[in-house]
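Student: Submitted below is the structure of interest, expressed as structure tokens.
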Amino acid sequence: MTAEVINGKELAKDLREEMKQEVTALKDEGITPHLTVVLVGDNPASKSYVSGKKKACEETGISSEIITMPATASEEELLEVIDKLNADDAVHGILVQLPLPEQIDEDRVIEAITPAKDVDGFHPINIGRMMTGKDTFLPCTPYGIVRMLKSRNIQIEGKHVVVLGRSNIVGKPVGQLLLNENATVTYCHSRTPDLAAFTKDADILVVAIGKAHVIGAEHIKEGAVVIDVGVNRIEDGSLTGDVDFEAAKEKASYITPVPQGVGPMTITMLLENTIKSAKGVLQY
Ligand code: GUN
């Protein structure tokens with residue numbers, strides 16, 4: 001079997017076209033959706049992600065600002081910036097780019113952002129709402145993955161989903177969202193012996209390990225759906241996923257590429273959450 005490629009870039013483009021119209025309608029009502037991104041330090045990958053987010057906002061008509069702080073910034077300084085943004089009615093979304101320098105406690109920072117502006121969906125209140133199946137800001141990468149599956153009418157209910165990775169940003173929440181869609185979910189991680197024994201049973205395999213090409217054809221059941229969340233820079237400078245795409249695509253029914261797979265959908269869901277916040281539909 002040769003897999004159909006789910007191109008996240010194309011899907012993201014379609015969704016962003018629809019969002020542009022929503023943003024125009026909001027502006028006509030006097031509301032300009034606004035996202036503020038806080039970048040602490042000068043991690044090159046973070047800088048690139050943050051500028052990608054700003055560009056996507058601009059293209060969609062969403063107003064955005066990047067606040068940059070030095071790598072030496074203290075936790076108190078960052079918390080002060082967050083307090084100001086929490087109190088600013090013109091700001092609908094606040095995103096503090098992770099990882100943060102080691103002198104800053106990430107959990108304290110995430111919890112300082114008011115849940116009503118937590119467009120990353122990382123605040124424990126929003127995580128709790130997601131776990132209990134309530135309407136909330138869903139974390140962007142997991143939500144983007146669900147939207148990719150739904151865009152191809154891929155059945156989730158009753159399917160065996162195997163998630164590789166258990167990060168708070170991707171692994172844990174993607175399993176939860178797919179459980180909410182009535183999948184049977186298995187989590188595997190760095191301490192799981194014999195990964196292939198689990199992955200070979202997956203109808204939908206979500207790979208978020210962060211190591212180039214660790215998943216090959218031998219891990220995949222014929223006809224499985226393979227979602228590759230990995231973004232790894234290899235020796236020649238190019239970006240590649242956690243999955244050996246060429247090998248996997250001969251066995252899977254659907255597969256996401258890297259780049260142009262999950263990445264553009266993550267940013268698109270951030271735009272959607274920012275618009276949702278501006279609409280004020282969530283109650284806290
Ligand atoms: N770092 C890597 N991914 C993300 C993300 O989705 N949100 C934030 N805030 N930081 C990240």
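Glycine residues also receive a Cβ, built from the backbone N, Cα and C atoms like all the rest.
TrEMBL does not curate its annotations; it predicts them automatically.
Below, the features straight out of TrEMBL:
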- 6-120: domain 'Tetrahydrofolate dehydrogenase/cyclohydrolase catalytic' (DOMAIN)
- 139-279: domain 'Tetrahydrofolate dehydrogenase/cyclohydrolase NAD(P)-binding' (DOMAIN)
- Gly165, Arg166, Ser167, Val231: NADP(+) binding site (BINDING)
Student: Over all shown protein chains, what is the count of other CB atoms within 10 A of the CB belonging to Val231 (NADP(+) binding site)?
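Tutor: Taking all protein chains shown, Val231 (NADP(+) binding site) has 18 Cβ neighbours within 10 Å.
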Student: Looking only at the domain 'Tetrahydrofolate dehydrogenase/cyclohydrolase catalytic' (6-120), report the model's average pLDDT.
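Tutor: That region's mean pLDDT is 98.
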Student: Using Cβ-Cβ distances, find the residues under 8 Å from Gly165 (NADP(+) binding site) that belong to the same chain and are at least 6 apart in sequence, listing them in sequence order.
Tutor: Gly171, Cys188, His189, Val206, Val207, Ala208, Ile209, Gly210, Val229
Student: Under 8 Å Cβ to Cβ from Arg166 (NADP(+) binding site), same chain, six or more residues apart: give me those in sequence order, or none if nothing qualifies.
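Tutor: Arg166 (NADP(+) binding site) has long-range Cβ partners Lys172, Tyr187, His189.
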